[in-house]
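Undergrad: Pasting a structure here, questions to come.
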Amino acid sequence: MLKKLFSKSKKGKHSLEVEESLVNNECLPSHIAIIMDGNGRWAKKRAMPRIAGHHEGMQTVRRIARIADDVGIKVLTLYAFSTENWKRPKSEVEYLMSLPQMFLNSFMPELMERNIRVEMIGDKDGLPTNTKTALNEAIEKTKNNTGLILNFAMNYGSRAEIVKAMKDIMVEVNNGNLTLDHVDEKTINQFLLTSSLPEPDLLIRTSGEVRLSNFMLWQLAYTEFWFTDILWPDFNKDTFMEAIQAYQQRNRRYGGLKGE
Ligand code: FPP
């Protein structure tokens, strides 16, 4: 178990107190993306309905957002609903769609106090009105906040995102605003939903599954991956810090040689 403590200084600013040797504040990942998996299994283990697992998963979102903010992470992207999740039973989909409203209503004062900005990636127009309204309102209300970006991937699918980016680029080429010679990696980045964000440095997936499930396929090209068997509702500060510590021990080479 890692010994870590978070505290609020006298000035009210959140600071991180960790064992110096375990977490290096200098090379924190700027952007952490998380595939939050295992809510259903968490509930099943307790003979509870799946939605109870999702509710607990929402509480974990709150806890991890606080810790990410305390640590000084710049962007936290959370995979909350994929384009494939519509295949789930109607009642479960409805519950998942009610979570942003529930979460944002109750967490908004703290989001403002913490200077956290809410963002989302995904097909917003495909969301039910109440979900879309809750997200739009939170995005608008927090748009001038300059701290942690809490970015929800809702109705998000990476392949759909890439297809849309390709089509949008083709339209620009057809209209003569862009030439084929100018279509490069930077151009594609600019047409993705994440155009304003840095690429994730660290990807975490919980619950023992070791796959990407159509999540940020382009953006994760050089991201460090960290998997844990822990189910998302059980994910906590220790696990989060363990992931960051593991990241800090990696040697990111981006295709170059060790030590370069
Ligand atoms: C996958 O686990 C999880 C989801 C599809 C939903 C994740 C959503 C949350 C954690 C809450 C999001 C909160 C907000 C505020 C939007 P699963 O249910 O498939 O678990 P299983 O694989 O064990 O069945």
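Cβ atoms here come from the backbone N, Cα and C positions, even for glycine.
TrEMBL does not curate its annotations; it predicts them automatically.
Heads up, here are the entries from TrEMBL:
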type: ACT_SITE; residues: D37; note: active site
type: ACT_SITE; residues: N85; note: active site, proton acceptor
type: BINDING; residues: D37, E224; note: Mg(2+) binding site
type: BINDING; residues: 38-42, R50, H54, 82-84, W86, R88, R205, 211-213; note: substrate binding site
Undergrad: Among the recorded positions D37, E224, point out the residue whose Cβ has the most other Cβ atoms within 10 Å, with all shown protein chains included in the count.
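TA: When each Cβ's neighbours within 10 Å are tallied, D37 leads.
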Undergrad: Three states by DSSP: which one describes D37 (active site)?
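TA: For D37 (active site) - judged by DSSP and reduced to three states - the answer is coil.
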Undergrad: If I take the alpha carbons of the residue listed as 'active site' and N85 (active site, proton acceptor), what is the distance between them in whole Å?
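TA: Here the two Cα atoms are 12 Å apart.
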Undergrad: Near W42 (substrate binding site), how many other Cβ atoms are within 10 Å of its Cβ?
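TA: So the number of other Cβ atoms within 10 Å of W42 (substrate binding site) is 23.
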Undergrad: Starting from the Cβ of T83 (substrate binding site), draw a 10 Å sphere and report how many other Cβ atoms land inside it.
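TA: For T83 (substrate binding site), the 10 Å Cβ neighbour count is 19.
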Undergrad: Given the binding-site residues G38, G40, which one has the fewest other C-beta atoms within 10 angstroms of its C-beta?
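TA: Sparsest of the binding-site residues G38, G40 by Cβ contacts within 10 Å: G40.
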Undergrad: If you skip the near sequence neighbours and keep only those at least six away, which residues in the chain come within under 8 angstroms of W86 (substrate binding site), Cβ to Cβ?
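TA: In sequence order, the residues whose Cβ lies under 8 Å from that of W86 (substrate binding site) (at least 6 apart) are V93.
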Undergrad: Measuring Cα to Cα, how many angstrom lie between W42 (substrate binding site) and N85 (active site, proton acceptor)?
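TA: Cα to Cα, W42 (substrate binding site) and N85 (active site, proton acceptor) are separated by 18 Å.
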Undergrad: Would you mind sorting out which binding-site residues among T83, W86, R205, L212, E224 put a C-beta under 6 angstroms from ligand 1?
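TA: Close enough to ligand 1 is none of the binding-site residues.
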Undergrad: Check each residue in the chain of L212 (substrate binding site) that is at least six apart in sequence and keep those whose C-beta is under 8 Å from its C-beta; list them in sequence order.
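TA: The list for L212 (substrate binding site) reads I35, S158, L220, given in order along the sequence.
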Undergrad: Need the DSSP three-state call for the residue listed as 'active site, proton acceptor' to compare against my parser.
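TA: For the residue listed as 'active site, proton acceptor' - judged by DSSP and reduced to three states - the answer is helix.
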Undergrad: Any idea what the Cα distance is from N85 (active site, proton acceptor) over to H54 (substrate binding site), rounded to a whole Å?
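TA: N85 (active site, proton acceptor) and H54 (substrate binding site) have their Cα atoms 13 Å apart.
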